[in-house]
Amino acid sequence: MSSTAENGDAVPGKQNEEKTYKKTASSAIKGAIQLGIGYTVGNLTSKPERDVLMQDFYVVESVFLPSEGSNLTPAHHYPDFRFKTYAPLAFRYFRELFGIKPDDYLYSICSEPLIELSNPGASGSLFFLTSDDEFIIKTVQHKEAEFLQKLLPGYYMNLNQNPRTLLPKFYGLYCMQSGGINIRIVVMNNVLPRAMRMHLTYDLKGSTYKRRASRKEREKPNPTFKDLDFLQDMHEGLYFDTETYNALMKTLQRDCRVLESFKIMDYSLLLGIHILDHSLKDKEEEPLQNVPDAKRPGMQKVLYSTAMESIQGPGKSADGIIAENPDTMGGIPAKSHKGEKLLLFMGIIDILQSYRLMKKLEHSWKALVYDGDTVSVHRPSFYADRFLKFMNSRVFKKIQALKASPSKKRCNSIAALKATSQEIVSSISQEWKDEKRDLLTEGQSFSSLDEEALGSRHRPDLVPSTPSLFEAASLATTISSSSLYVGEHYPHDRTTLYSNSKGLPSSSTFTLEEGTIYLTAEPNTLDLQDDASVLDVYL
């Protein structure tokens, strides 16, 4: 093996273990990839730029690279092979859309040996990472490569409409032929940068059937966990500020609808979690390895490649976290249920799955044995809905902000009413005091008072005769066109209208808001002498 490195979430193969894919050594595959891409991209620069046409999506270019070399190709120490490039002009457009220049693309892939990563999935694919952390190179099956070819026109249209997406960004599709074996590879964006240590990594589908990391996976230095592991570790989810949460969910919803329209399913959200509270300890204990300073974060060449760029702009809380730790590499700020500050890196992966006959059969027999709704293989529309529901309810949550303060307009209107309300209070207090004195001196009978109370109870729209109340309330009309709403609800107990035998009327409460006065009645148990508490004004 030419080179390996172990850092962050990148888990390379063991240095003394040579992997094979279709009976071909991984070192030979890596060498052929670099030679083939170096030749085809360099040859493409001589072709003039033009608009992409429909037939460009179906063009396949081929070149033969013998080990002894030719007048067009260099000599090499690998077996003879043929290198095919699919839709070269279309993929050149995709690279330009994301700001990838041909020289940068060649430098990233061909300047240094590729780094082989371990594969936590069940596909058996090989994964290679460029030394500058920019690109992932993955081997794909024939059906996946064929599906990507058919997907390209719609993929082109989607990227034109919205380059900010969590969907995989494909930069090239190639095929190496040697000894009757076809090895197809695709070049994609790297979701989890090695330069940022991932304390936790999850592969989430929204399914619970067999969605727990295996024992073998858990024994790895940097395992990739699954849905059930996430629900156990982060049972209360991950919290975002409102703006970031809305942008993230909007992006996920749009991406899932795009995948559903192409009848794609069985995709996952790859989620890397960097805990900022642990990063200082990590820096003290273990310095960053195998990532040259010139290629450290902040020098990304690819547009829309970071997680934060992919969800349509930063949230409000991003500034605070970036101020504390400027080396965020475009991670999305969040918090755990423990209050830990986090940076999240994410992207949708494994989208080259079409809901064809084999997938339908797979879901059918699994649904017979298990709960069909929990099986990861499902029809595209149901899969998208379940995926979004899981992300929205179990994984990503919005921090509930405190109730907003009143608007400036409301504050001004209340302040304006405050002075008038004081006049209403003093006027009504004095009138009621005089009325109570008159009632006691004139010896008004309790029977007549009961009749008055009874009448008010059957007619809740009526208020005991207090003319001065309306005269005082009319003062509020100088501020705005106020309305007086009256609602008196007397209990069946006759003593509620007057307290004890002193003839004290029930207290009234004014609620002042937006230029309107609401009058409600409550039983009063105050003494006659408590004039200051006769009227409560709530502002």
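Yeah, the Cβs are placed from backbone N, Cα and C, and that goes for glycine too.
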Residue among SER46, SER447 with Swiss-Prot annotation phosphoserine is SER447
Look through SER70, SER317, SER445, SER501 and state which residue has the annotation phosphoserine in Swiss-Prot. SER445
Going by Swiss-Prot alone, which of SER214, SER448, SER507 is annotated as phosphoserine? SER448
